[in-house]
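**Q** Take this structure, written in structure tokens, and hold onto it; I'll ask about it next.
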């Protein structure tokens, strides 16, 4: 446990030195608030840039708080996921490429401790950034669109955080396989996109696909109850996270032992 704690502190300190704790939450906040604010002020924006042609009428729908928070999740699911892939693509791959991993693992360091410490440091960083970004979105939604309760915010953060945790774990998995950060980023993003496409094509079969978490969150917010599909999908996602972490440990162990 002391070994894991030391590795975890090292990763947290490295993230701090790289200023990830500063810029990453700020970027996530901007992504989360961008759509709700821009949609609310769109008429004023159009007017300020010259307005519409004579005779044209712009009728914009009045968005509800639920629709506004889903705008935030929509942006986090695209831009947010991309940035998460980029900040995690070199977690292990860069150390393998530079040879640092051999210096670390030549000591009596557990492969499981090494992988899980990397994963946990990203987990804490991304969950913190997610919470801060959704709190800021929640603040503006309550001002501009109407009441959105704190309980709803906590529920959204928890269930959506499970999805982002899977994204981290996919990146860690590819980190354990390859030495090139760029390839890790490409495969991680490609996997998320492929999952999304397959879920849309086979939506009647893949009802518990991790990519449907946002859809079930929307249902939860509309009905005021946590649907059984959301619980099942979150459980499947958690199972995928555990499996990918286990495979990452096995892969890194075989690769490093095989290279000695």
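The backbone N, Cα and C atoms fix where each Cβ goes, glycine too.
Marked as transmembrane segment by TrEMBL: 21-42, 68-87, 119-141, 153-174, 183-202, 230-252.
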**Q** Are there three or more C-beta pairs under 8 angstroms joining the transmembrane segment (153-174) and the transmembrane segment (68-87), sequence spacing 6 or more?
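**A** When sequence-distant Cβ pairs are counted, the transmembrane segment (153-174) touches the transmembrane segment (68-87), since at least 3 lie under 8 Å.
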**Q** The transmembrane segment (21-42) and the transmembrane segment (230-252): do they have three or more Cβ pairs under 8 Å, with pairs 6 or more apart in sequence?
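**A** Contact between the transmembrane segment (21-42) and the transmembrane segment (230-252): absent, because fewer than 3 Cβ pairs are under 8 Å.
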**Q** Would you kindly check 21-42, 119-141, 183-202 and say which stretch has the most C-beta pairs under 8 angstroms to the transmembrane segment (153-174)?
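**A** Out of the listed stretches, 119-141 contacts the transmembrane segment (153-174) most.
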